[in-house]
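Look at TrEMBL and you will find 1-147 tagged as domain 'ABC transmembrane type-1'. What TrEMBL lists as transmembrane segment is 6-29, 84-102, 122-142.
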Amino acid sequence: GWEMTLLILSIAPVLAVTGMIETAAMTGFANKDKQELKHAGKIATEAVENIRTIVSLTREKAFEQMYEEMLQTQHRNTSKKAQIIGSCYAFSHAFIYFAYAAGFRFGAYLIQAGRMTPEGMFIVFTAIAYGAMAIGETFVLAPEYSKAKSGAVHLFALLEKKPNIDSRSQEGKKPDTCEGNLEFREVSFFYPCRPDVFILRGLSLSIERGKTVAFVGSSGCGKSTSVQLLQRFYDPVQGQVLFDGVDAKELNVQWLRSQIAIVSQEPVLFNCSIAENIAYGDNSRVVPLDEIKEAANAANIHSFIESLPESLES
Ligand SMILES: Nc1ncnc2c1ncn2[C@@H]1O[C@H](COP(=O)(O)OP(=O)(O)OP(=O)(O)O)[C@@H](O)[C@H]1O
Ligand SMILES: [Mg+2]
């Protein structure tokens, strides 16, 4: 089928270019769409998450308008794009069909003249024509390939990153008993993302077993940060946090955290039964029902739970 091949190859560059145009129009615009939809989505998510605050400030209409405005830009862009994409599509498809027409006409002539079988004509035609279009599309997608590759590098780096404090680590001491004597020894600390702002400067404090201690101070003075150091979410930049005289860094992270009960500023209930919500405090074993009830008693919520239709299973 060399004659057929020659004809198609002569129009192949055009086919390749149409493939390029079409793919470029689709992918280029899809990327831009994503950006704008992301902004609108962010407004919607924020509004839904903070609905009580928005209602209390009677800002519903304002958020609705903000969301609408975001969609307006997208709508305007889409209308504009529709014409460009449409034209590209029309141009590229028209060309493809013209090429088909020319190919088939020439193929018919070759078959009539007995220089090709119908089967051979179809094989040559499809292989070369589709091949040319695929080459065009590949050219456009080639930059995406390298982008994907560099994206994957970041992703794998993230997956392989070893956290400074690994909660799954089996290493570290697991003392049999925990007295509960705590000590901050000359602790200085800044958050890794703000190394220029020291939150704690040489905090020294010891809290003996059984004592009740309150940290009092203005908002942002570092109370929650100190508690996070006890939970070992971070390590001090200088100084030590000690449990029964042992540096927190030497203790097994899971063990350490399982010794701590915490009611945070914003307590969280997971979407499961009350019993399960209480039991997740110790996920190293299956917590028996008796212990769950005991914990509920100790927290003064047992009678409230009993008053619910399904009590602990509510
Ligand atoms: N993850 C973080 N990254 C960077 N800075 C942070 C981070 N968390 C808190 N901070 C900053 O550290 C300082 C201390 O915050 P912290 O939450 O410990 O204050 P707090 O005393 O508990 O305040 P509040 O009384 O409002 O609960 C604040 O200036 C805060 O902005
Ligand atoms: Mg706080």
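Cβ from N, Cα, C; glycine included.
Remote same-chain residues near the transmembrane segment (122-142) are listed as 1, 4-5, 8-9, 12-13, 15-20, 22-24, 27, 96, 99-100, 103-104, 107, 116 (criterion: CB distance under 8 Å, separation of at least six residues from the stretch ends).
Across the domain 'ABC transmembrane type-1' (1-147), DSSP helix (H, G, I), strand (E, B) and coil residues number 137 helix, 0 strand, 10 coil.
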